[in-house]
Amino acid sequence: MSQVKYKRIILKISGEALAGDKGNGINPTVIGHLAKEIKSVYDLCVGIGIVCGGGNMWRGETGAKLGMERAQADYMGMLATIMNGLALQDGLEKVGVPTRMQTSIEMRQIAEPYIRRRALRHLEKGRVVIFGGGTGNPYFSTDTTAALRAAEIGADVILMAKNGVDGVYSADPKTDPTATKFTELTQLDLISKNLKVMDRTASSLSMDTEIPLIVFNVNTPGNIKKVVVGENIGTVIRGDK
């Protein structure tokens, strides 16, 4: 068995990563691939909490720009994260990983309500916990949710699983050939360099809790496991104040 560096993690999966090449919606093939990747980490006896984004279906900020009330648009985004979480739960259970879904907005017919102590108990019993519905409040991103849940469950690290992006760059490498990749940054660097990794609320919370983040490409097979065992891939973002 590989020696793990992080014994309890929050895995933040962007909505776009669940869509794959389709660009929107949920790609069952991608779900199956992710489930196997997560199982490889689960088999190392790592405690896993998962937060899914919803950008493959809906973005509250986009809805607000089109004239919707921002709070209403954000609630729609929360529902999108729950749909993604249910799809991932199904994929994980198909490969034999016991999984519980908890939502910040109660919908008991399909998931448990989010209760921190219950989530901790699930993790102690060796279950993966998927946190759906964001924080349950409008104006807060799923990146903030990941930072919050990481603090609440005592995670050692937040893994920012990106769709085709292998770290943090000085500019968009797809459009700027001079863009350089950072191997390590601090949360203050993100703000001072105006790097669009996560919103400032999420950065501030991560800085306060001093939980590190690792940004990496989830599309590369084996990358989640490589990060957990301590291989140097992606970009490490320290929570140093």
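Any Cβ shown, glycine's included, is placed from N, Cα and C.
Going by what Swiss-Prot states, the UMP site holds GLY54, THR135, GLY136, ASN137, PRO138, TYR139, PHE140, SER141, THR142, and the candidate of ASP43, ASP74, ASP156 recorded there is ASP74. Cα of ASN163 (ATP binding site) to Cα of ASN137 (UMP binding site): a distance of 26 Å. Mean model confidence for the region 'Involved in allosteric activation by GTP' (20-25) is a pLDDT of 84.
Close to the recorded UMP site, the chain also has GLY60, GLY77, MET78, GLY134, THR144, THR145: residues not among GLY54, ASP74, THR135, GLY136, ASN137, PRO138, TYR139, PHE140, SER141, THR142 whose Cβ is within 8 Å of the site's Cβ mean position.
Maximum C-alpha to C-alpha distance over the listed UMP-binding residues GLY54, ASP74, THR135, GLY136, ASN137, PRO138, TYR139, PHE140, SER141, THR142 is 15 Å.
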